Amino acid sequence: MVELKMGDHNVEATTWDPGDSKDWSVPIKPLTEKWKLVPAFLQVKGLVKQHIDSFNHFINVDIKKIVKANELVTSGADPLFYLKYLDVRVGKPDIDDGFNITKATTPHECRLRDTTYSAPITVDIEYTRGTQRIKRNNLLIGRMPLMLRCSNCALTGKSEFELSKLNECPLDPGGYFVVRGQEKVILIQEQLSWNKMLTEDFNGVVQCQVTSSTHEKKSRTLVLSKHGKYYLKHNSMTDDIPIVVIFKALGVVSDQEIQSLIGIDSKSQNRFGASLIDAYNLKVFTQQRALEYMGSKLVVKRFQSATTKTPSEEARELLLTTILAHVPVDNFNLQMKAIYVSMMVRRVMAAELDKTLFDDRDYYGNKRLELAGSLLSMMFEDLFKRMNWELKTIADKNIPKVKAAQFDVVKHMRAAQITAGLESAISSGNWTIKRFKMERAGVTQVLSRLSYISALGMMTRVNSQFEKTRKVSGPRSLQPSQWGMLCPSDTPEGEACGLVKNLALMTHITTEVEERPVMIVAFNAGVEDIREVSGNPINNPNVFLVFINGNVLGLTLNHKHLVRNLRYMRRKGRMGSYVSVHTSYTQRCIYIHTDGGRLCRPYVIVENRRPLVKQHHLDELNRGIRKFDDFLLDGLIEYLDVNEENDSFIAWNEDQIEDRTTHLEIEPFTLLGVCAGLVPYPHHNQSPRNTYQCAMGKQAMGMIGYNQKNRIDSLMYNLVYPHAPMVKSKTIELTNFDKLPAGQNATVAVMSYSGYDIEDALILNKASIDRGYGRCLVYKNSKCTVKRYANQTFDRIMGPMKDALTNKVIFKHDVLDTDGIVAPGEQVQNKQIMINKEMPAVTSMNPLQGQSAQVPYTAVPISYKGPEPSYIERVMVSANAEEDFLIKILLRQTRIPEIGDKFSSRHGQKGVTGLIVEQEDMPFNDFGICPDMIMNPHGFPSRMTVGKTLELLGGKAGLLEGKFHYGTAFGGSKVEDIQAELERHGFNYVGKDFFYSGITGTPLEAYIYSGPVYYQKLKHMVQDKMHARARGPKAVLTRQPTQGRSREGGLRLGEMERDCLISYGASMLIMERLMISSDAFEVDVCRTCGRMAYCSWCHFCQSSANVSKISMPYACKLLFQELTSMNVVPKMILENY
C-alpha cells in the first residue's frame, strides 16, 4: 500500500484490498467554495501573467545566456585584440529629456508624449586598446522596450494609491508595450512542436519529419519511404540520400549493426533488405565513401567560403551541425544521431503497416505557443550578433591603419542599432530573422481599447500561422485535445474562424526550465544510458525508450515504476511543477518535457477515490493563511499539460469519481475564456449564439479604465452611466468586469408593438433616453508637431486672422485663441481651424544667411472635419522624443441613442433601434412600471437563447430581493429558487405580468413576459455610417465621382445593378445613371474613319467635313485612348436615329 500512496496514475495498479478500512460506497461530500482556488490561481498565473512571465524570463535569464554565448569578439588583423562581455543588465525605465538629462518615466507619460516606454541595456566589458587591457562598466548598447507590469516596470509592486498617483489604472492588466505612444501587444503565436518526430502521409508517401530547433540552427529533416526503400531528405541536398548511406556516414558501417538498430525480427529484415542492397549497388561500404557520396549531392553554396573544403568534409560538417541539429554530438561521436535516424525509420515502417499510427498535426499536444519573451530573444540575439559582426569588421579594417590614437572599440559601439531594431519590430509587427529564414508579418497589433473586455480578450488571443484564405476544416475545427486549454466559443466568424483562438480561464503557458536536474532524477529512477547498450534491447517489446524534450535519454525496463517516481518527485517539489511525464504505449516511449510554450492547467489530485484537497485547506485559503503555491508544494494540486492529460482520468465533479480517477477538475466554468465567461447561463444557449456574443462583447462601450479621463486616445467610447449586470457570473467578478462594466440593465417587455420591431429591431422609450439610457461620449484626438529644420528654419503657429472690413475674426479662425491654438471648452464646427500652423516652403537647403525673415511660409492648418460639431475637452502641449513640440487636442461629442443605433444583449441577440416612442404611448403594468425597451418575441424560437429568458427571470427576482443572481456556466442560481423568490414578492412565477396598452388604456389580451436584461450599446452608430450625395468632388483621372464616405463619394451602380436594369429594358434610366449623372463628356468623332477628332478637325483624314459631336462617358473615351496607345485602334460607326 505504501507505494500506491505515491500518486499512481496507472489503471492496473489501482486494485484495492477488500479489507481496507474505508467504505467506498459512502458518497464523497462535495467541497464547498472550491471555486476560491480560481482567484488564488489568477493572482499568480493565467490571463495576462503568461506574457509577463515570458518577458521576465527573457530580461532576467535569456538575455544573459545570449550575451554569454556570444561573449568574445576577436579580430583576424591583430591576435592580441579582443572584446569580452562580462555581464548584461536591463535597467529601469527612463526617458531622455534633452541636455543629457535622463529621468524616470511612467507608461502614461510615454502614451501622452508619443515616446517609447523603454529601459537601457547596459554591459560590463573588458577589451584591449593597443597594449592596454581596459574594463568598462555600465556601457549602453541599446534600449529595450518594456512590457507593462514586468519585473523592471515602474508599476510593479505598487499599491492602488501609488498607481493612481502615476495616472495608471490598477485594474489594467499590463502585458503590452508602449512604442511611440501606441499600445502594442505581441500576440501569442501557435507553432508546430520542435524536436519531435511526426509521422504523416504526404501525397501517398509515408514520411517521418523532425523540425530541429536550437539556438544556433533551425532545420527540417525527413525520412521517407519510396518504392520499398528508405531515404533521408534535407534542404541542403539536391537528392534524397539512401538511408543506409546515411548510417554508414554516421559511423555505423557494418550491415549487421544497421539491421540490429532497425530491428532483427523477420518483418523488419524483409522491409529493410531492399535498402541494404541499394547501398551495395552504389558501392558504398565505408564511412569515407558514404561521405563522398553525400558530398556529391550537396546543394552548391552561393557564397564560397575563404577556406575551401572537400565535398566529404562539407558532408561531415553537415551531419555534425545541421542534420538533426538538436541531437547532441560529443567529440565527433555521431552514435546518438544514428540511433535517432533508426527510430525515424522504425516509425515509418510501423506507419506503413498500421495506418492508425500517423500523427495528427492538429493535436494540441503537438503544438507550442510562442510568447513575447521567446520572440524578442530571437530578435535581440540577431541584432546582438549583427552588432558584434560589425564591430569585428570595423576592427579588421581599422587596426592595420597607422594612426596617432590607438583603435578604441567603444567609440564604434552604436546603441541606436539594437534600439531601432527592437522598436521597429514591435511597432510594425514584422519579424525578420535572416539566420532562421524567418519572415513573419502581423506579430504585433495595436491594443484594442474599445472596452476593458476587448483589451483583456486581446491579451489571451492565440494566432495561428496558417493561411486564412485556404478553406481547410482540419486546423479550424474544435479539437478534443483543446478541452480546458482553449475557449470553445471565442473565435471570430469569417475567414479567421478557428484559426484565431483564445485561452481558457485557467490555462498557463510554461516557460522553459533547466533540463539537467530532471535528467539526474531520471537516471536515479532507473533510466539506463542508451549509449551503453547495443541495438537489440532497443527493439525489445518490454523496453521503453525515455525522451527528454525530443532527445533520447535512455531506456527503462520498468516504465510504470519510472513514471510513478518522476510524478512523486514532482509533487514533492523536487522537480519543476511544469515538467510533464507521459507514456505512449503504441510507440513504447516515455516523454519528459521541460520546454516552454506548452499549455497546461491545474487539477486537484485524487488518491484512493478521495480528492487530496480537504475542506480545512479551503478554509485556510479563505482566511489568507494558504496561497495557491502552497497547494502545489504540498502536492495537493498539480499542472497537467495536453499530453499528460491522456494518462489521467479526470472527474468533472465529486460525484463522478471512480476507482481509476486520478484528478478532479477545480471548477467547470474555467473551461470558457474571458469573453464567453460574461454570458449568463451559456449552457442554455445554442452554441453559435455564445460565439456571436464573444465578438460583440468586444464592441460594447463602457469604461476602459479608472484613468480614462486622463488619456488622449485617437478614438475612445465611454458610456455615460454604466451598470453592473443584475445577473453575474463568477468570471465577471474574477475579471473585474463589474468594476469596469459595459452596458445597462434595461427593463424589457417581450411583445409585438407596431411594425417597427420586425427583424430584431428594438423600440425604445423616449423618457428613458432623456434620463440617460444608452447615452455615450465619443472622444477623438487631433495632433501636430512643430519642428525645427536643418536649414535653421522652423514651423510656426500664427494667431487668428481678422476680416479687413468688419475687423472681426473670420469664421474659420473663430475658435482660435490668441496663440493660434484652439481654447478648451469651445464648440468647433466643420472646416474650422484648430491649430493655425505654417511651414517654411524650403526646409532642405543650406542654412540661410541673414534672410531667415524672408522665408516664404505655406499654411498647413489642422482643421476639424465632421457633420456634427464637437467640443474641445483638453489641449496638451509637450515635446516628443525628437525634441519637437507636440500639440494634442482631445475632442468630445455626446451621442444620444437614435433610430439606427445598434444594441445587443449578452446572448448574441443584436438589433437596431427601430422606433423611439413617447412614454405615454408605451404599455405599462399594474404596478405602473413602463419598460425601457420592447423586444419582438419572434427573436426567441429560432435562436433558442433560453439563457436570455433565465437572465430576465433572475434579474427580476434579484431586484425584488436586493441581491445579484449568478448565471455561471454549468451552475448558477437554480430556476426553482428564482421562481420561489418571485412568488414570495407577489409576482407570477413564470415572469409574466398584466399590461395595459399605452394608447387605448385597456388591458392587453395576453400576459407579457417582462423584466430587466443587460443590454450593451455597440460602437456601430448611425451617425458614423450615414451617407448620401447629390453632388460633390470627382476623381481627376476618370472624372467619375470619388468613392467612400470620407471623400464625400458617390454610391456606385455596379455590374449586377446594370444587368438588372438591362433585363427590365430601362434604357433611358441606364443612360442617365451610367453617363449623365456620372461622367458625361462631349467628344468629336469622324464619320469617315471612326476615330476621335479634336476641335472639329480629324487629324487622320486631315479634314473637318465629316466630324460629329456625340456624348459618351469620359471613362469610355479614356479607355479608347489607352487602347490606341497600345496599338489597338477602336473605330466608332455612327448612325442617325
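Sequential numbering from 1, following the chain as shown.
Glycine residues also receive a Cβ, built from the backbone N, Cα and C atoms like all the rest.
Within 10 Å of the C-beta of Cys1098 (Zn(2+) binding site) there are 22 other C-beta atoms, taking all protein chains into account. Taken from Swiss-Prot, the feature Zn(2+) binding site covers Cys1086, Cys1089, Cys1098, Cys1101.
Residues or ranges marked as zinc finger in Swiss-Prot: 1084-1099. Helix first, then strand, then coil: DSSP counts for the zinc finger (1084-1099) stand at 0 helix, 8 strand, 8 coil.
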Find, among the binding-site residues listed as Cys1086, Cys1089, Cys1101, the one whose Cβ has the highest number of other Cβ atoms within 10 Å in the structure shown.
Cys1086
Beyond the listed site residues Cys1086, Cys1089, Cys1098, Cys1101, identify every same-chain residue whose Cβ lies within 8 Å of the center of their Cβ atoms for the Zn(2+) site.
Arg1087, Thr1088, Gly1090, Arg1091, Ala1093, His1099, Phe1100, Ser1103, Asn1106, Val1107
Averaging pLDDT over all residues of the zinc finger (1084-1099) gives 91
